[in-house]
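Lifted from Swiss-Prot, the feature list:
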- 11-91: domain 'PDZ 1' (DOMAIN)
- 109-148: region 'Disordered' (REGION)
- Ser130: phosphoserine (MOD_RES)
- Ser183: phosphoserine (MOD_RES)
- 244-303: region 'Disordered' (REGION)
- Ser254: phosphoserine (MOD_RES)
- 255-264: compositional bias 'Polar residues' (COMPBIAS)
- Ser282: phosphoserine (MOD_RES)
Amino acid sequence: MAAPEPLRPRLCRLVRGEQGYGFHLHGEKGRRGQFIRRVEPGSPAEAAALRAGDRLVEVNGVNVEGETHHQVVQRIKAVEGETRLLVVDKETDEELRRRQLTCTEDMAQRGLPPAHDPWEPKPDWARAGSLSSDAGQKDVNGPPRELRPRLCHLRKGPQGYGFNLHSDKSRPGQYIRSVDPGSPAAHSGLCAQDRLIEVNGQNVEGLRHAEVVARIKAKEDEARLLLVDPETDEYFKRLRVTPTEEHVEGPLPSPITNGTSPAQDASAWKRDPFQESGLHLSPTAAEAKEKARATRVNKRAPQMDWNRKREIFSNF
């Protein structure tokens, strides 16, 4: 009995035929990403070993896992007459997710690393283990990784900086949606899912998407971005501390032990609901009740200005 074929991504090179590539791409409700729905018999897609149910990871070397259906289609059409697709079947996809591995073209050639390989690559947002109680995260075969913000210096190339910035309606802030391989953004250490904290030394957490874009474009050919990956973001939020450039190499905030940390107290003071009016006081029970009532009355969000829809995504 033949041994089962090892799990690995597949790199499919398609040359367009008279009837196109011969496959159907679609998104699935409840699942992230784009999937191959159907492959036409005798088509270039079938000849390239594309299969129904495959999940699309890269198009022509660019990761598209976080992109919309329309954006993925445009990337496929960008190179006329041919395309290169990195895909994974369901079993390979599940194994990559279980081991928290980032799918790459190299894996299509060499296969997945051994399950117990201490050098197994992991994305910045998925280091082994869970958040520890301090500012580092234990790795089974190495020292703890300190959860620090990253300061990325970018110089604009002929095609721009090479990253896509977007806002997520489910959470505040601006996030790196995708980074083009080989771009200035990639070389400077930007990663997909990073949250943007500062632009050129100025905090932008409370700004609208268009305002953040304007800050990035303020300097014509360069930008200095302070970012946090999801783990670091969660750590600083737990401590209620705003990341700054000082945290890149300087002392990190102390973890919470046996109660509230000083950082928590300071942050709680800063978030006093009366601070904006100049009164640094805690509300009385009656004031809190009135504030809650007013919030319920005015909780309906203002109608969206559809002329500003383009603020949601920006390419650099």
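Keep in mind that glycine also has a Cβ here, set from the backbone N, Cα and C atoms.
With every protein chain in view, the residue among the modified residues Ser183, Ser254 whose Cβ has the most Cβ partners within 10 Å turns out to be Ser183. The secondary structure of Ser183 (phosphoserine), as reduced to three states from DSSP, is coil rather than helix or strand. Here the Cα atom of Ser183 (phosphoserine) is found 36 Å from that of Ser254 (phosphoserine).
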